[in-house]
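Taking it in order: structure first as structure tokens, then the write-up.
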Ligand SMILES: *Cc1c(COP(=O)(O)O)cnc(C)c1O
């Protein structure tokens, strides 16, 4: 696995306005160091313990993004340092992130995870539940989080039209939320979509952040 060559290949294909989250979950610190040496600074992880270990061990200018499902009882461990939480999937989780961020006098950028795939999933707001949550306006009192955009995952399928339609639906929804709830909030600007097998499609559909793992680091050993 030539991590640095893979990384360069991915970056070369990305428009300059699209940021790369290098998803390093299940890969050792040495793999992250290789990407770090090639200039990569944003890394994505999805398990709190694994992330906290890597955070302790690795350079402090790494921007750690939490990309997986986050249990409320784990928030306190990552609140001191996490740079972005991609999968805020309930109001309860936003409240907990806000509470823990306040303890550290931080403001943590969070993305609202939206369920856009055909597949069943326990996680993510539906379009309607997200609108409903924002309409109450209670989130405006959460001063230690910053709702910075949306995140979604397309169906795991070979059907590229289906994938494009799902990513398109997230872009349209982002535009709706921007206009209805965030027109005065320039920080609401991110659309996190696209993984190893579908990020070129996501970029065409308006992604601002892609989360790419196996294409850079190889297959994961679970
Ligand atoms: C693991 C993971 C990725 C990266 O997946 P690859 O297929 O390895 O690129 C992206 N997003 C989320 C939410 C993940 O859990």
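Cβ coordinates come from backbone N, Cα and C, glycine included.
The domain 'Alanine racemase N-terminal' annotation in TrEMBL covers 3-220.
Here TrEMBL flags 25 as N6-(pyridoxal phosphate)lysine. When Cβ atoms from all protein chains are considered, those within 10 Å of residue 25 (N6-(pyridoxal phosphate)lysine) total 18, not counting its own.
In this model, the domain 'Alanine racemase N-terminal' (3-220) carries an average pLDDT of 97.
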